[in-house]
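**Q** Encoded as structure tokens, here's the structure I'll be asking about.
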Amino acid sequence: MGKMAAAVASLATLAAEPREDAFRKLFRFYRQSRPGTADLGAVIDFSEAHLARSPKPGVPQVVRFPLNVSSVTERDAERVGLEPVSKWRAYGLEGYPGFIFIPNPFLPGCQRHWVKQCLKLYSQKPNVCNLDKHMTKEETQGLWEQSKEVLRSKEVTKRRPRSLLERLRWVTLGYHYNWDSKKYSADHYTPFPSDLAFLSEQVATACGFQGFQAEAGILNYYRLDSTLGIHVDRSELDHSKPLLSFSFGQSAIFLLGGLKRDEAPTAMFMHSGDIMVMSGFSRLLNHAVPRVLPHPDGECLPHCLETPLPAVLPSNSLVEPCSVEDWQVCATYLRTARVNMTVRQVLATGQDFPLEPVEETKRDIAADGLCHLHDPNSPVKRKRLNPNS
């Protein structure tokens, strides 16, 4: 039996063992996996999907997904740093209707804009982040400047204190997700970033979701030892609209399961620039990130991030130049990190939030102890993820 077949057989046996649900077993397996070994033999790599001649044994068939090429003009795609839709490659998985995977459709250098936005702009007030629980507004407002000095230091040692950016775990945009109640509300809203909204609208439209409105975003900031627990994104009031996911930085393993946790998940790589869309049947499936993978060559950037932004950008471009100084900070951070943006439409068109009784005591939505992005270095003990979440 070859190493690939042996790895798949081992996973099938593991998932079938009693006492623990299949998803949890495979989550634990991949969390402890060794990059570069047969441990990752059953992980789908969509960046190589066009080269695959036959599916891996025991792994769902990868199929091409037809995009709506004429729905997004080349000019609108270029405005947000995307290739023309005609050049994108989009895939689905048999058994997962509504799941769409688009391997890096960004123009050379344009990922840098979105990385800078996540680290420098979106992390600022009035947006909400995990640091708000323990710091004043003035302290978190200086997140970028403080981190810039620390990350640009040539003396990078294990003893140096972590920058605020390295302590950042999540940021919420638009309608701010309440980690305690697992709800959104009309009275906790700040304007959604216009550039990210336009990017999301173009991707959604190309995938057949005309009229998508970006109303809420959750940005997760992963270190190499971070994981994202098993969960379902069900808090939005309109599940007919897709959930969009954008990844930048180091690669990660993503697990896509079923409606119940006793269904074994499918594993896939998420590389820098990759976009995932969860819609239809796949919109409410269990999913998780058990592992962020270190670069095989050490603390290096993915190759696609080595290319600088073009010297001249279109006059109407939403992609902005990134200074050498700013990119130095971003690059230092991303050598051992990953950033993920998820964008959602919360309400159906014309829908309002339901009226609810006013609670006497309002609990703090910025409590980082309630975030399901697990950081083993955090001094705050996180609550166990509700199995029904």
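Using the three backbone atoms N, Cα and C, a Cβ is placed for every residue, glycine included.
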**Q** Of His188, His271, His287, which one shares the Fe cation site with His231, Asp233 in Swiss-Prot?
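**A** Record check against Swiss-Prot: Fe cation site with His231, Asp233, extra candidate from His188, His271, His287 is His287.
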**Q** In the structure shown, which of the binding-site residues Trp144, Tyr222 has the fewest Cβ neighbours within 10 Å?
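**A** Comparing Cβ neighbours within 10 Å for the binding-site residues Trp144, Tyr222, Trp144 has the fewest.
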**Q** Which of the three DSSP states, helix, strand or coil, fits Tyr177 (substrate binding site)?
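**A** The residue in question, Tyr177 (substrate binding site), is coil (DSSP, three-state).
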**Q** In DSSP terms, helix, strand or coil for Asp233 (substrate binding site)?
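**A** The residue in question, Asp233 (substrate binding site), is coil (DSSP, three-state).
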**Q** Which one is it: of the binding-site residues His287, Met341, Val343, whose Cα lies the shortest distance from the Cα of Tyr177 (substrate binding site)?
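**A** If we rank His287, Met341, Val343 by Cα distance to Tyr177 (substrate binding site), first place goes to Val343.
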**Q** Of Asn220, His287, Val339, Met341, Val343, which is closest to Asp233 (substrate binding site) if I measure between C-alpha atoms? They're all binding-site residues.
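**A** Nearest listed residue in space: His287.
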**Q** CA-CA, which of the binding-site residues Tyr222, His231, His287, Met341 lies nearest His176 (substrate binding site)?
**A** Met341
**Q** Using a 10 Å radius around its CB, how many other CB atoms surround Met341 (2-oxoglutarate binding site)?
**A** 24
